[in-house]
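**Q** According to TrEMBL, the feature active site maps to GLU400. Marked as Zn(2+) binding site by TrEMBL: HIS399, HIS403, HIS409. Under the heading domain 'Peptidase M12B', TrEMBL lists 234-466. Annotation comment: TrEMBL describes 1-25 as signal peptide. Summarising the annotation, TrEMBL assigns transmembrane segment to 533-554.
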Amino acid sequence: MQSYARGVWWLAAVFCSLAVGQGSAKTAAHLPKVDRVDHYEPLSYNTRPLADKHDRISRGVIWEPQIRKLHLQFTAYGRSFNLHLRPSTGGPFSPGAKFTVNGKPTTSYDPASFYEGEVQGDPSSHVTGHVIGGVFSGVLKTSGGTYHVEKTQKYFSNHKDLSFHSFIYHEDDVQFPDHRAGCVVNGTVWRQLTELQATAVPLETGRLKRSSKNGAESLGSVRGKRALTNTGGNFCHMRVAVDHLFFSQIGGGNEQDTFAEVVTAFNLVQEIYSTTDFDGDGAQDFITPSIGQFDLLTLDSPNYRFADSSIAVSEFLDRWSQDDHTMFCLALLLTNRDFADGVLGLAWVAQPPGGNRGGICEDRVRLSVGERSLNTGIVTYTNYGNRQPRAVSVVTIAHELGHNFGSPHDSQGGRCSPGGSSGNFIMFPQATNGRQTNNNRFSPCSREDIRNVLQSTKSDCFATEAFCGNAVLEEGEECDVDRCCDNSTCTLLAGNECSSQQECCDLNCMIITDNRTDCRGQTDCALTSFCKYPFIMCVTSTLVLVCASLKGIFLTNCQ
């Protein structure tokens with residue numbers, strides 16, 4: 001077990017850090033303080049136009065691609081931000097993802113509120129986020145760094161009395177949690193937890209072994225490399241849940257805002273994983289944790305175990321593990337509790353077969369204390385009394401999932417904790433500042449550990465779903481591997497209106513405006529079809545009354 005020589009931590013623990021230097025400026029004195037953010041700028045644009053346009057798009061009143069977009073302009077940080085947004089083609093969801101409140105299906109979250117796009121004038125930019133009530137909240141990745149836009153309700157109980165509804169801050173202005181208590185649960189608790197995990201015995205009835213939908217061979221051939229996981233699948237379908245404290249304090253008691261906050265953060269986490277080259281062959285492996293079910297839990301949830309506001313972190317994880325999560329690759333619970341010793345997260349570490357049980361795809365086990373699911377982890381949004389900005393929570397979630405995927409902490413010193421100007425990696429025991437080159441990457445040690453787990457039978461629940469990059473235009477994609485397309489995201493390149501895979505798209509990726517252009521030839525049962533601007537696909541052909549065979553077969557029998 002050479003890859004674990006750097007210190008195997010069967011149960012991963014705390015995510016804490018050295019204090020980060022001050023931002024470039026301080027927030028104006030008349031503005032309320034935001035925890036962990038040195039400088040932010042308020043946003044107070046008129047929300048009505050954005051709300052009205054989004055409502056028309058989500059209801060299908062506006063469906064033409066060239067106008068099915070939102071435009072938002074505001075000024076901050078001494079510059080103008082002109083956002084061009086379009087409904088996202090996917091988001092971090094598994095196909096058929098379910099959303100529930102207290103165990104019952106809900107429509108309070110509208111995936112159509114999730115947008116992506118770019119900042120005009122910045123061709124390398126990428127914007128993701130939600131529009132709810134005419135207010136945008138999300139992430140702006142620009143050539144000048146990453147900006148986060150968040151709603152005031154997450155931070156201020158009196159947000160309705162403020163003159164601004166949201167605010168923007170730069171990643172450089174984030175203070176990461178300071179290092180006061182080290183990064184290990186105290187010795188007694190650690191020993192108790194590791195001893196408990198060592199008692200794990202699999203139940204006789206485990207999960208059904210999943211096979212990939214298309215098979216490892218097809219996946220590998222499309223992407224030009226052998227599939228990394230045991231099943232050939234790349235998707236880790238997760239259960240994600242929030243407790244009543246997260247709902248009331250982070251989501252402001254608003255169901256849609258609660259879902260949206262987590263989806264925005266999880267989208268960034270998914271990007272970290274899907275773009276990582278775990279097997280070292282020079283190409284990303286598209287390993288993708290995705291939301292298969294999202295549960296909002298409140299005090300009214302059946303058999304709710306988290307009503308007590310002062311649950312210790314190890315007990316909190318244990319209570320979450322009491323639920324049966326066998327149907328999922330992983331199960332993550334988010335809360336807003338101030339755990340002792342500054343703990344931000346806790347998760348079971350996966351190991352290849354032969355090691356301790358836990359992490360991805362783990363079957364339900366019997367411990368000395370009863371049955372548990374060890375494919376679990378928890379993350380809190382509060383540390384030492386301070387609410388964590390989204391920029392911190394993204395790294396925390398990525399870190400805890402890293403344990404679930406098989407990586408212990410990076411040991412200090414050496415190639416996996418180089419420090420210096422490039423910084424340390426995601427699995428470093430202390431939180432990184434998020435701005436250095438390595439901060440959102442896995443170290444060589446972590447990649448090796450995770451690869452060993454993924455290539456073993458531990459990954460037997462990974463599934464293959466429709467994906468960007470197979471040159472097939474599928475539901476939820478704007479394009480897929482053509483000259484009009486950003487082939488990494490299956491979204492249209494800036495300025496393009498359509499995909500060359502669509503019938504009424506010209507060589508310049510623009511919708512054909514000449515209504516005399518034929519797009520489908522005549523058949524026995526239908527006349528020639530023509531493009532009809534602004535439609536991208538061929539309009540329905542005019543059917544002939546009888547088939548060309550002249551056998552008197554009427555319209556309804558034409559095939």
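Including glycine, each Cβ sits where the backbone N, Cα and C put it.
So that I understand the layout, could you describe where these features sit and how close they are to other parts?
**A** DSSP assigns GLU400 (active site) to a helix.
HIS399 (Zn(2+) binding site) counts 27 other C-beta atoms within 10 Å of its own C-beta, drawing on all protein chains shown.
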**Q** Rounded to the nearest Å, what's the C-alpha distance separating HIS409 (Zn(2+) binding site) and GLU400 (active site)? Just drop the number here, would you?
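**A** Cα of HIS409 (Zn(2+) binding site) to Cα of GLU400 (active site) measures 10 Å after rounding.
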**Q** Can you tell me whether DSSP puts HIS409 (Zn(2+) binding site) in helix, strand or coil?
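**A** DSSP call for HIS409 (Zn(2+) binding site): coil, neither helix nor strand.
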**Q** Suppose we draw a 10 Å sphere around the Cβ of GLU400 (active site). How many other Cβ atoms does it contain, all chains included?
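**A** Neighbour count, Cβ to Cβ under the 10 Å cut-off: 25.
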